[in-house]
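Visitor: Annotation source Swiss-Prot lists signal peptide at 1-24, citing similarity to another entry. Among the features that Swiss-Prot reports, region 'B' is placed at 25-52. Marked as site 'Important for interaction with integrin' by Swiss-Prot: 48, 58, 61, 62. As annotated by Swiss-Prot, region 'C' applies to 53-64. The region 'A' annotation in Swiss-Prot covers 65-85. Look at Swiss-Prot and you will find 86-91 tagged as region 'D'. Annotation comment: Swiss-Prot describes 151-181 as region 'Disordered'. Here Swiss-Prot flags 163 as O-linked glycosylation site, drawing on similarity to another entry.
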C-alpha cells in the first residue's frame, strides 16, 4: 500500500500558499513617485495636510525629502505618517472653545467697497434660518425691478416732446397772437 498521491499534493499546495503570504508580508515596501506619491500622502494625511520635507523638529535622519525617501528607496505607512502636518483637532476635542468676538469689537473694512452692514444682515438672516427659497425669490424680484429700470432708461427718447399740442388748443406762438390785434 502506498501513500495516496492526493495528500502530498494537497500538503504542497498549502505550503506554497502560506509561503507566498509570508513573502508578501515581509517583502520590501513599494516605491512611490510623482502623482502616486501625492495621492498617497493626501489619503494618509487627510485634512491635516503634508510636507515634502520634514519640519526641523521631526528630523531623525539625514535631511532627505519624501521624494528621495519614497521614490528611490522603499516607502511604508510609518514613513508617510512622518510627513503629515500637525494633526487636526478631533470633533470631540472641546478643550479650547472657538474664539468669539464681542459685538462691540471694532471692525475695519477689508476693501474699498466693503459693506459690513450688508454682510451682517445677510449673516443674521442665515442664522435665523430664512429659507433659501425666500431669499432667492426676493433676489429674483429685485433683479427684475433693476432690469425694468435699466430697460426704461434704455428706451427713453432723445428729445422731449410737449404733452399738449399747441395748435389744438388755439394757442399759437406769442408772436402770432400779437399780430392779430
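Using N, Cα and C of the backbone, Cβ positions are placed for all residues, glycine too.
Locate each feature and note its surroundings.
Guide: Predicted-model confidence for the region 'B' (25-52) is 76, expressed as mean pLDDT.
Packing around residue 48 (site 'Important for interaction with integrin') is summarised by its Cβ count: 12 other Cβ atoms lie within 10 angstroms of its Cβ, all protein chains included.
Under 8 Å from some Cβ of the region 'A' (65-85) lie the Cβ atoms of residues 28-34, 37, 40-41, 44-45, 48-54, 58, all in the same chain and six or more residues away from its ends.
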Visitor: For a three-state summary based on DSSP, what are the helix, strand and coil counts in the region 'B' (25-52)?
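Guide: Across the region 'B' (25-52), DSSP assigns the residues as follows: 17 helix, 1 strand, 10 coil.
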Visitor: DSSP helix, strand and coil counts for the region 'A' (65-85)?
Guide: 13 helix, 1 strand, 7 coil
